[in-house]
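Asker: This is the structure, below, for whatever I ask next.
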Amino acid sequence: MPLLVGLFDSSASRRSLDASLPLHGTNGNTVTIGDDTLDLDEIAAKRTAGGGLVDSIANMANSILGAGLPYAIRQAGFFTGLILLVALSVVTDWTIRLIVINAKLSGGRSYIDIMTHCFGSSGRAAVSFFQFAFAFGGMCAFGIIIGDTLAQVLRSVFPTLPTIPILKIFANRQFVIAFCTICFSYPLSLYRDIHKLARASGLALVGMLIIVFSVFIEGPHVPQELKGKQEGKFSIIEPGIFQAIGVISFAFVCHHNSLLIYGSLRTPTLDRFAKVTHISTLISLISCLMLSISAYVVFTDKTQGNILNNFPANDTLINIARFSFGLNMFTTLPLELFVCREVIEQFFFSHEVFSPQRHLFFTTTILFASMFVALITCDLGVMLEITGGVSATALAFIFPAACYIKLVDKKLPWHSRTKLPAVICVLFGIVVMSISLFLALAKSWTPEGAAKICV
């Protein structure tokens, strides 16, 4: 039997079958409960709906991988950065599974239900805000990356493109963002079930692996003037260690859609989800280590937030990687929109049946709002650091562990073997979140922290 019966259907239906309503009668393949007439064939079909392990692994791994991790190595120092990558991937693996365990213990069907059960209305409001802020901030950032990468690739491949009538619009950053978002991300975002994004996520995952191998192959061959200082590159620790934790946490966080991925399994059990989580984080860790080490040893102190920006504009293999990165962004964007839409549904309409009109309205509104921000903004500046850093640490480290402490046997002391890892995780999250917030706010007083508007 599934671990959490009905969880996989939470995004598709708001109807509760647990209500003690009288059974009025049956007619063929339909049954009447209260005022509702239910189709038994439809319910039976939903029992076998969903995707397999590979689909869920593709969705989760696609949520994790990113191109900003070599920058984290530069910030933290070579050896400290590698230790942080391994340690945070292990903690992430544990806390993702902890959310599903919390759902089992609390009887909740979503992250919001778990926090409501543990901390009441304040917990419900906090997790809703952080999930929406993290997912929407990610959507805006993805849109900006689409414009920066794909427009640059098209200009490099077709140098005369800006001079060709009509076709020159494809060299325009704003047009590329609008075209990719409306023609690709929007149709994918209209799906109700997250497992239907698995094919797109699998394609994006292949694109991310192309980036890893492109950087690995092309890194040693870049012109000497683009390479960083080679002396002292294997440093132990650097002052930017807390920024590095924020960057790595931001990359590894997929907690906000972990229950959606769990529910998309055809047979959602804890063992199967643990296998999905282990394989996804292992794929991501190996890819991140390859990307980080191969890029950092070449560029060292010149390593940028997006490692592909370190390479020349006319590098053919890197342009393929840039195209793959853009492809990754507009297929990952719907995963984040699923979270934004689900937060609104759970927070405001949790007791109402599914409405196609409401589904279409919120999908359209959220997507076009994020696209508008991406169109007018070249760099979100410190706002993304605040929403990303604070939301990432809260969703990944603080909330899952704090809920677990509340849900397990209350008679156990905090220093018991069961509770101590969760207590350490909460304290770690609070320290990282506080320092990241302080550093981001300090940066906001400088010109570097301002959002850059594209005219």
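Just so you know, the numbers here start at 1 and follow the chain as drawn.
Just so it is clear, glycine is given a Cβ too, placed from its N, Cα and C backbone atoms.
If you look up TrEMBL, you'll see 52-437 marked as domain 'Amino acid transporter transmembrane'. The transmembrane segment annotation in TrEMBL covers 78-100, 125-146, 166-188, 200-217, 241-265, 277-299, 319-339, 360-384, 390-408, 420-442.
Show me how these features fit into the shown structure, please.
Answerer: Residues 111-112, 114-115, 119, 176-177, 180-181, 253, 256, 306, 325-326, 329-330, 332-333, 336-337, 339-340, 343-344, 346-347, 366-367, 369-371, 373-375, 377-380, 383-384, 387-388, 390-392, 394-395, 399 of the same chain, all 6+ positions outside the transmembrane segment (125-146), place their C-beta atoms under 8 angstroms from a C-beta of that stretch.
Residues of the same chain lying 6 or more positions beyond the ends of the transmembrane segment (277-299) and with a Cβ under 8 Å from any Cβ of it are 53, 57, 60-61, 64-65, 67, 69-70, 72-74, 78, 81-82, 85-86, 89-90, 92-93, 96-97, 208-209, 211-212, 215-216, 219-220, 222, 226-228, 233, 251-252, 307, 310.
Remote same-chain residues near the transmembrane segment (319-339) are listed as 11, 59, 62-63, 65, 67, 131-132, 134-136, 138-139, 142-143, 145-146, 149-150, 152-153, 156-157, 180-181, 184-185, 188-189, 191, 194, 197, 200-201, 203-204, 206-208, 210-211, 214-215, 256-257, 260, 308, 313, 363, 366-367, 370 (criterion: CB distance under 8 Å, separation of at least six residues from the stretch ends).
Residues 91-92, 95-96, 98-99, 101-102, 105-106, 111, 114-115, 117-119, 126-127, 130-131, 133-134, 137, 246, 249-250, 252-253, 255-256, 414, 418-419, 421-423, 425-426, 428-430, 432-433, 436-437 of the same chain sit 6 or more residues outside the transmembrane segment (390-408) yet have a Cβ under 8 Å from a Cβ within it.
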Asker: Count the Cβ pairs between the transmembrane segment (241-265) and the transmembrane segment (78-100) that lie under 8 angstroms and are 6 or more residues apart in sequence, then report whether there are at least 3.
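Answerer: Between the transmembrane segment (78-100) and the transmembrane segment (241-265), which are separate recorded stretches, there is contact, as judged by 3 or more close Cβ pairs.
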Asker: Other than its close neighbours in sequence, what residues sit by the transmembrane segment (420-442), given a CB gap under 8 Å and a spacing of at least six beyond its ends?
Answerer: 91, 94-95, 98, 242-243, 245-246, 249, 382, 385-386, 389-390, 393-394, 396-398, 400-402, 404-405, 414, 449
Asker: Would you kindly list the residues that approach the transmembrane segment (166-188) from elsewhere in its chain, counting only those six or more residues past its ends and only Cβ-Cβ distances under 8 Å?
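Answerer: For the transmembrane segment (166-188), the nonlocal Cβ contacts are 143-144, 146-148, 150-151, 154-155, 158, 197, 200, 326, 330-331, 333-334, 337, 363-364, 367, 371, 374-375, 454.
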